[in-house]
Amino acid sequence: MREGSFPRRTRLLCLLAAVVLISTVTSFNIDTKNVVLHHMANNYFGYSLDFYNEQKGMPVLVVGAPEAETTNPNLSGIRRPGAVYACSVNRPTCREVHVDKMKGNLKKLNGSHLVPIEDKAYQFFGATVKSNDKHDKLLMCAPKYKYFYSKFEVIEPVGTCFYAENGFEKTEEFSSCKQEPARHGRHRLGYGQCGFSGAIPGKKNQDRVFLGAPGVWYWQGAIFSQNTKNQTDRPNTEYGSKEYDHDMMGYATATGDFDGDGIDDIVAGVPRGNDLHGKLVLYTSKLKMMINLTDEVSTQHGQYCGGALAVADVNKDGRDDIIMGCPFYTDYGSVKDAKTQERKPQYDVGKVIVFLQTAPGVFGKQLAVVGDDQWGRFGHSLAAAGDLNLDGYNDVIVGAPYAGKNKQGAVYVIHGSKDGVREKPTQKIEASQIGHGTARAFGFAVAGGVDVDGNGMPDIAVGAWKSGNAAVLLTKPVVTVTGATEPESALINVEEKNCDVDGKLGKQACRHINTCFKYEGKGDTPNDLEFDLRFNLDDHSPEPRAYFLQKDVKSDRSIKVASGSKTRDHPSSIEQRVRLEKGRQKCFRHRFFASSTMKDKLSPIHWSVNYTYVESKSGKLRGDKLEPAIDTTVPLSFQNKINIANNCGKDDLCVPDLKVTAVADREKFLLGTQDNTMLINVTVQNGGEDSYETKLYFDVPQGFEYGGIESVGADGSAPACSPTSDEPDSDGKWTFACDLGNPLPANKVVSSVVRVTASSDKPPLAPISINAHVNSSNDEEAHTIADNKVTFTIPVDFKNQLSLNGRSNPEQVDFSMTNKTRSDVFDDNEIGPVVSHLYQISNRGPSEIDAATLDIFWPSFSTEGGHLLYIITEPVVNPPNKGRCRVKQLQNVNPLNLRITNEHVPTEPPVAKTPNEYSREEDDESYEDETTTQSQTHHQTRTEHTQHHQGPVHVYERDEDKIRQNTGNWQYVEDKKKKGDYEYIPDDQEYDGDDFEDDDEDFDRAGSKRVKRAPVPKKKKKEGSRSGEPRSDKARFSDLREAVKLSKEAGGVVDYKGPLSRASVDCNGLRCTHIECDIYDLKEDEFVLVEIFSRLYTNTLVDERNPGGDISSLALARVTSTKYNWPHKPTLITAVSTNMNAIASEEGRDLPWWLYLLAILIGLAILILLILLLWRCGFFKRNRPPTEHAELRAEKQPAAHYADTQSRYAPQDQYSQGRHGQML
């Protein structure tokens, strides 16, 4: 079966259902063009109405206007007593009926004065107008009529009614609630409002009327059976217990035979009964209680069931059925919100319940018809309309006074049927269709059952009190059309081209279809009528495969191309106007051809023929007769089909055996790799008979994009594939359909490769489900369908390997334990040799790393607080577009403000940047600005200092007090918007002396001995750190030492699960420097180098008599983010160590130069004094003996040695650009 389609049998059933639906919706025979519309303004004209035969065979429409000023001379001077009008059914004329023969208000002697005992002002006369089934008796009531009881002190609305027979000449007044002596009061009959509703029995029981009085006995309500010939014969229903208070029984009444005795009984509506659900109470003609009827279909509080009533035999079983209105019913299930698809309540749509009498006194079946317009109050009024369409079943009209356009009101026609009533109204008449469309509250009152124009069809009347209208709507006669359409032959072979279509298409396969019609009439129907026929070829197919011949259309003037035809040259739909004679069949013959290039050669070619009656603008025929209406209880169209010849054998049934297999080119899909394409090998095989319109369907999983399909093998081309819809399904999957053949022959194998590519924006994160299935337009046998579908799952993984390496340059530094540099140094090269630690963090793949962190803990100070590895510059990151570093304790970078000689800077040219790297630098502009701001915070101004030195030297002014006192540190602090800056934090907020109190060794010099130091005094602890984290979460010095030890024992990098992290290590109290580096966008085999340059502060080693050992920095690296939030692997740690080698002391001492000069001068002075003394003594004047040759040995003097810092501690080879520029 094809994706998204139904089997042929199912589609045919759907078509038949559509035909029934069309007949249900469009059927009507109430004429809206020739309406007799009566109008009177501002008096509630149309509040009630009914037909009444004033004279035999001469019906009038009696309309109540309960707010009217009467023209009755007997009621002169009484304000708005109300009036009843007799209106013509043929033209818009009315006259008031004077039924009250009493002169004004009745008066009675009260002492010596005559005083009124009644009040007819505002009595609402005309609120109830009701006739019997034969429409020869009439009841007219004033429910607000007031009576003054015997003491003249109590005035209560007892209500009154007038009864007429055979005209209006003789009338009787009945006020059943007006009873003496003293039955007044709300607890009795005083507020009864007799005549609020009324009903006149039609079967036997001819001398009585039933009056509803909903206000008696605390508004429990009652029914009075008033004898029309005896005023005092007026029995009523009994008083109930207080739980029935305010039920308002008698709000509506109707009569019918409910016990099978042939005498009309009474049914009363109780809209507030049954806990406000509403109910009906049935009494016999003698007012004996029979049964209660309640809504069992969809009951709800406040629906006001029983607010309107009608009685009719709707299913023609000979028993009277009851129709009950529930105008305030709310529909919670029919309407859905267009966006959310949630069901929306439709308030006050109203509904009608039909109680079918299945046996005498037994109502065993309920049917419900629900309104279609919110606030419309469908079921506010009801009337038995008779058999409107002459199908043998009585119909019902329902008023909805606030439905339709602009809430002006509407009337619905519900047809009876053998099952009761039809599920939906057959006609909806809106106020906008009547007259000029000005009626309001149209449908507040309805009446029917009288043929007023003599065409044998009962007509209806509708009241609209808000606009003061009453309308008489005539019923049109009914025309029933029967017919059939048949093919010339049962098959068409598209390869047998037997007719010439045109020069372009040449010859094609042609066939004829024959269609026959005739009509019969119900009522006064004409002998001949015009109909429009519409022929639709191949109307089951999205694209037609069969067409009418253009030359045939042009040759017949009665035929034209139908509007909506998908083609014009050779149309698939045509229209033809024909004239039929009543009772005579007429046939038509049309030729069509089937396209030889059609794809679907298995499905039959269906066609349909629809017919409609051609109406005139006036809606009338010759002789001023109403036009007929089409009977929609029979189909409005006829259908048939013709099969296409194929290779399916004698049974004309091809049964394929399709099978599909699929396999992916990988067992696991890795995210974040360069290769994001997956291939799915799909093979389809047909092991049965020919498979027509064979299609392969496969799902492109969520997170993938379709990349095309290729055929495997040299004998076939790639199938054409396209998505089945414009949007993915609810799971984000796209379904593609591929044509594999029409037909796909038996034993044919089709192999294809589907390429899908993972989306870069939203790649797959869950296991990938691969679904594929194959289908065709012909059905397979049930036991072979299982292999038409294949489903398998491919797991998704994310795999990257973070690598961390480091080394020291140089690996060993020699220093002398006896030689110190001078303390007043100014250049960085005077404090000791350069020591740099280089770290490399890399991704060994295969998946990408979105973000990683590298945290380096640097040994800036010794245990005694002296400078150790003195950082001279901020860390160098290479390549700069892959990471950035910041020193958290920025004051530890060149804290003595020495001139940086830049001897550590390599001389090689910088690494060339790609355009993408320049783009990255532009993106990081905000970070550079931040860094500049930090730098300006600590180095606010720069001046050039040239005293005692050659060339410019940069000196930075700092907060000397803070640096000298070492009372605090600079920390990087982020606000809520993730923007940050460095702030100065005093030590008393961060430092905790407990971190060192029990430690004997520093992590940067593991294994070396030192002089025991004095304990550091403890400072007051804070409850928490600046970030709000508890102090117990901070790492201790021992954690750093153990991490260094762990790395050394492992000989390099180690997976670390200890307490150290970026947040837990606080270098402010551990005499270290925390360097935070953020690394990003590392693809496979990419790396980042981070190098920290420092100088070994040799004076600290000499002062602390350190015999040597290792100085170590510690680095932590971890993946913090991937593109797909995959679980991260453990943290890596490694320690980089520099060995300090203490060398033996040299002879001599380093003495100041002035001591040497002083010694020379003293020696010279002594020599001069000695010469003068010898000269004075005449030493040089004595006779000298002969000269002897002798060797004078000079006295040994201690050699003076001077420390040359640059030559001893900073050999030139340590500054070679090769060593400091080399990368691992």
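From the backbone N, Cα and C atoms, a Cβ is placed for every residue, glycine too.
The signal peptide annotation in Swiss-Prot covers 1-27.
Over the topological domain 'Extracellular' (28-1153), the average per-residue pLDDT in this prediction is 83. Summarising the annotation, Swiss-Prot assigns topological domain 'Extracellular' to 28-1153 and lists sequence analysis as the type of evidence.
According to Swiss-Prot, the repeat 'FG-GAP 1' annotation covers 29-96, on the basis of sequence analysis.
Secondary structure at Asn74 (N-linked glycosylation site), as computed by DSSP, is helix. Within 10 Å of the Cβ of Asn74 (N-linked glycosylation site) there are 14 other Cβ atoms, across all protein chains. Positions annotated as N-linked glycosylation site by Swiss-Prot, on the basis of sequence analysis: Asn74 (among others).
Taken from Swiss-Prot, the feature N-linked glycosylation site covers Asn110 (among others), and the record attributes it to sequence analysis.
Residues or ranges marked as N-linked glycosylation site by Swiss-Prot on the basis of sequence analysis: Asn230 (among others). Over all protein chains present, the Cβ of Asn230 (N-linked glycosylation site) has 10 other Cβ atoms lying within 10 Å.
Within its own chain, Asn292 (N-linked glycosylation site) has Asn274, Lys279, Leu280, Val281, Leu282 as residues 6 or more apart in sequence whose C-beta sits under 8 angstroms from its own. Here Swiss-Prot flags Asn292 (among others) as N-linked glycosylation site, drawing on sequence analysis.
Residues or ranges marked as repeat 'FG-GAP 6' in Swiss-Prot: 364-423.
Annotation comment: Swiss-Prot describes 427-490 as repeat 'FG-GAP 7'. Mapped onto DSSP helix, strand and coil, the repeat 'FG-GAP 7' (427-490) counts 3 helix, 33 strand, 28 coil.
Here Asn610 (N-linked glycosylation site) comes close to Leu533, Arg534, Asn536, Leu636, Ser637: these same-chain residues lie at least six apart in sequence, with C-beta atoms under 8 angstroms from its C-beta. The N-linked glycosylation site annotation in Swiss-Prot covers Asn610 (among others).
For Asn681 (among others), the entry in Swiss-Prot reads N-linked glycosylation site, with the evidence type sequence analysis. In the structure as shown, the Cβ atom of Asn681 (N-linked glycosylation site) sits within 10 Å of 14 other Cβ atoms.
Taken from Swiss-Prot, the feature N-linked glycosylation site applies to Asn775 (among others).
The N-linked glycosylation site annotation in Swiss-Prot covers Asn819 (among others). Mapped onto three states, the DSSP output places Asn819 (N-linked glycosylation site) in coil.
Swiss-Prot lists 1154-1174 with the feature transmembrane segment.
Taken from Swiss-Prot, the feature topological domain 'Cytoplasmic' covers 1175-1224, and the record attributes it to sequence analysis.
Residues or ranges marked as compositional bias 'Polar residues' by Swiss-Prot: 1204-1224.
With the fewest other Cβ atoms inside 10 Å of its Cβ, the least crowded of the glycosylation sites Asn775, Asn819 in this structure is Asn819.
The CA atom of Asn74 (N-linked glycosylation site) is located 142 Å away from the CA atom of Asn819 (N-linked glycosylation site). Taking Cα separation as the measure, Asn819 (N-linked glycosylation site) is nearest to Asn681 of the glycosylation sites Asn230, Asn681, Asn775. Residue pair Asn230 (N-linked glycosylation site) / Asn775 (N-linked glycosylation site) shows a Cα separation of 83 Å. In this structure, the C-alpha atom of Asn681 (N-linked glycosylation site) lies 18 angstrom from that of Asn775 (N-linked glycosylation site).
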